[in-house]
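> Got these off TrEMBL a minute ago, pasting:
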TRANSMEM  14-31  transmembrane segment
TRANSMEM  60-82  transmembrane segment
TRANSMEM  102-123  transmembrane segment
TRANSMEM  174-193  transmembrane segment
TRANSMEM  213-233  transmembrane segment
TRANSMEM  253-275  transmembrane segment
């Protein structure tokens, strides 16, 4: 916000807002400590947090953490829409200022909230789900299921009939993620095939900056695929495929959440590496920091000793 000059203020806000949401995403993971276990036709999401919080509060935190997953994908799709409009319909960008700022800031929260609410309502524990994984959790983790904040996705009951609660949750999840990925795909392809012609309208510095923004968006879209979607795939599909294919499964899939936690720093660092103006500012700041450190008495003595040694 303070140092980058050749970037539209609205886009600065978008980047900052996205970075803040990533920090909140990582922070919630540290607090709620979500973990997952796949056992045959079930997934159990539970908290390993040692904080002195009630089961209800930890369940809420897990639900909100899950909502940030959908919020992140929705926000990336919005960024693709903004870059697409900046290239093909620049006059429409005025709608993103003023009151429009509130709209685009609120929009990603909507799919995130839907995800959290649906997950919290339709994945609540019940007697069948608890009995299904009770011994598995005790044998694997040494925990009593009744004392653990938890959610379940169990698509089939003992007779093979669909459990509608899990079906609704999975359907909503797939719709929210699929809808926003279609937007990312459409805008990305349009920019890829038509960018060369559209960039002729910009000055040379702006053309370079627009290309860098597009590269950054490509990396930002790859990030969720690698860190968010691929880890979630085996977790969500196994309880459906396991009963149908009669495959026995016992996986500690919560370890894949470590990949999800890597995404926010990956996104911000990638953006700073790709956009040259960020690199220039960072180099200047590092030089100033090194200069300040070397000017201290202790640092000066260490520097002179190192110089003599060399």
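Don't overthink the numbers, they just go from 1 along the chain as shown.
Any Cβ shown, glycine's included, is placed from N, Cα and C.
Can you tell me where each of these features sits in the structure?
Distant neighbours of the transmembrane segment (213-233): 11, 69, 72-73, 76, 79-80, 83, 177, 184, 188, 191-192, 195, 256-257, 259-260, 262-263, 266-267, 270-271, 274-275; these residues of the same chain sit at least 6 beyond its ends, with a Cβ under 8 Å from one of its Cβ atoms.
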> Can you work out which residues elsewhere in the same chain, 6+ from the ends of the transmembrane segment (253-275), have a Cβ less than 8 Å from its Cβ atoms?
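Distant Cβ neighbours of the transmembrane segment (253-275) are 15, 18-19, 22-23, 25-26, 29, 34-38, 43, 69, 72, 209, 212-213, 215-216, 219-220, 223-224, 226-228, 230-232, 234-235, 238, 282.
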> Please indicate, using numbers and ranges, the residues of the same chain that are 6 or more beyond the transmembrane segment (102-123) and have a C-beta under 8 Å from a C-beta there.
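14, 17, 21, 45, 59-60, 63-64, 66-75, 78, 82, 96, 151-153, 165-166, 168-169, 172-173, 176, 180.
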> Taking a Cβ cut-off under 8 Å, which residues six or more beyond the ends of the transmembrane segment (60-82) line up next to it in the same chain?
10-11, 14, 17-18, 21-22, 24-25, 28-29, 31-32, 34, 45, 47, 49, 53, 93, 96, 104, 107-117, 119-120, 149, 151, 173, 176-177, 180-181, 183-184, 187-188, 191, 217, 220-221, 224, 228, 232, 260, 263
